[in-house]
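Shown next, in structure tokens, is the structure this report addresses.
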Amino acid sequence: MGNIHIQTKSKEYDVHVGKEVLSNLTTIVQNMQPAVSNVMIISDEAVASLHLQTVIDALQVEQHVFSFVVPSGEKEKSFENFYAAHTSALENKLDRNSLILALGGGMIGDLAGFVAASFMRGIRFVQVPTTLLAHDSAVGGKVAINHPLGKNMIGAFHQPEAVVYHTPFLQSLPEKEWRSGYAEVIKHALIGDVELYHWLKEEVQTLADLHDEKLIHILTKAIPVKANVVSQDETEKGVRAHLNFGHTLGHALEKELGYGNITHGDGVAVGMLFAIFLSEQVYKVDLAYEDMKQWFLKYGYPKMPGDLNVERIVQLMKQDKKANAGAIHMVLMQEYGVVNVVSISDETVHIALEAFQKDMV
């Protein structure tokens with residue numbers, strides 16, 4: 001078990017990581033000032049069926065505790081569910097001293113966090129992640145819902161009071177979700193902890209290695225990379241954009257293929273490979289792209305689909321939040337551990353994407 005301290009301009013809080021940290025929830029809630037009036041747990045059907053009662057039992061508090069459960073899947077991070085959650089909150093008499101508890105993966109963390117950010121102009125919430133992917137999204141305060149024209153386009157910055165990362169919850173994950181979350185671990189290693197990157201290559205030969213002490217080690221190394229960036233740039237005006245390494249193409253693939261048809265991590269993995277492919281050309285450096293490609297494929301990450309229309313993907317990349325004045329801005333790598341946001345012309349991206357697509361066949 002280990003605590004990771006997060007410090008931003010707006011709030012300080014701890015990430016509790018370990019096999020027995022769920023019991024910390026009671027103390028966290030009881031110690032909040034002003035006192036918590038009641039607790040709303042937001043979850044999805046898959047997670048609720050496995051873990052909702054466990055969390056309710058762990059919450060040994062006097063306050064009224066109720067739940068709001070949505071269907072599972074990224075497409076459920078919608079305005080309709082956001083609105084329905086507000087309705088449930090009002091019907092159950094949530095007030096400004098209430099607490100929302102986000103029980104689930106990144107989708108639930110984003111949805112519940114945005115409900116908390118907007119209900120009565122902002123109430124407190126706690127993240128209880130149940131996926132490896134959420135080691136990224138649960139920390140840092142970015143909360144949002146999707147719009148049909150783009151992912152995470154409606155949202156806010158709203159820091160949690162705490163993050164309780166009870167690792168036994170992750171054991172029920174299917175392989176594709178382990179792979180999806182591991183992509184963000186790789187991202188954090190590549191942009192901010194080269195020592196972790198080398199450790200991963202040695203110690204994580206298959207996704208089956210992501211358990212017990214190795215899992216806790218990974219979380220306690222990857223989360224501080226995110227924490228360090230967020231402490232410098234809470235609202236993504238500068239270096240926080242570095243955390244979007246691999247996401248410009250990744251989000252475009254999610255949008256083109258349809259949310260739920262490719263996991264976020266699979267999209268980011270393809271996006272990171274493309275970013276390395278393009279970085280070698282832009283910076284005239286050797287980043288061992290071929291070795292990286294084989295390493296990714298070993299874990300089962302997909303290739304860039306050969307039947308996608310490249311020009312369509314370029315246009316979707318221009319809808320990315322980093323885009324400025326209609327120009328694509330990507331996070332590129334000068335060397336392992338050193339990344340920058342770079343403006344890239346449509347033509348350069350198009351040519352590189354075509355070459356990348358052919359290389360991945």
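In case you wondered, yes, glycine gets a Cβ from its N, Cα and C as well.
Take the Zn(2+) site that Swiss-Prot assigns to His247, His264: the candidate from Glu184, Glu195, Glu311, Glu335 listed for it is Glu184. Spacing of Ser72 (NAD(+) binding site) relative to His264 (Zn(2+) binding site) is 14 Å (Cα to Cα, whole number). The closest partner of Glu76 (NAD(+) binding site) among the binding-site residues, by CA position, is His264; the full candidate set was Glu184, His247, His264. Only His264, from the binding-site residues Glu184, His247, His264, place their Cα within 10 Å of the Cα belonging to Glu74 (NAD(+) binding site).
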